[in-house]
Amino acid sequence: DTECVCTKELHRVCGSDGVTYDNECLATCHGASVAHDHACEGHEEHHVDEHGEDHD
């Protein structure tokens, strides 16, 4: 596992995996591409923060 270094910038994006990430860097670090800006809709309500913690 390589550690990703991302800023704490809050610019939520919806990942291709249906997870809301706090920013594009975090989505990329988790192997997801950005589906669109803003939180995901129509999926379980959870997101991954800069610590890699999943919040539901």
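Glycine is treated like the rest: Cβ placed from N, Cα and C.
Among the features that Swiss-Prot reports, domain 'Kazal-like' is placed at 1-42.
The disulfide bond annotation in Swiss-Prot covers Cys4-Cys29 (among others) and rests on sequence analysis. The 10 Å shell around the Cβ of Cys29 (disulfide bond) contains 18 further Cβ atoms across the protein chains shown.
Around Cys25 (disulfide bond), taking its Cβ as the centre, 17 other Cβ atoms fall within 10 Å, counting all chains. The DSSP secondary structure for Cys25 (disulfide bond) is helix. What Swiss-Prot records for Cys6-Cys25 (among others) is disulfide bond, and it gives sequence analysis as the kind of evidence.
Secondary structure from DSSP puts Cys40 (disulfide bond) in coil. Marked as disulfide bond by Swiss-Prot on the basis of sequence analysis: Cys14-Cys40 (among others).
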By Cα-Cα distance, the member of disulfide-bonded residues Cys6, Cys14, Cys40 nearest Cys29 (disulfide bond): Cys6
Of the disulfide-bonded residues listed as Cys4, Cys6, Cys25, the one whose CA lies nearest the CA of Cys14 (disulfide bond): Cys25
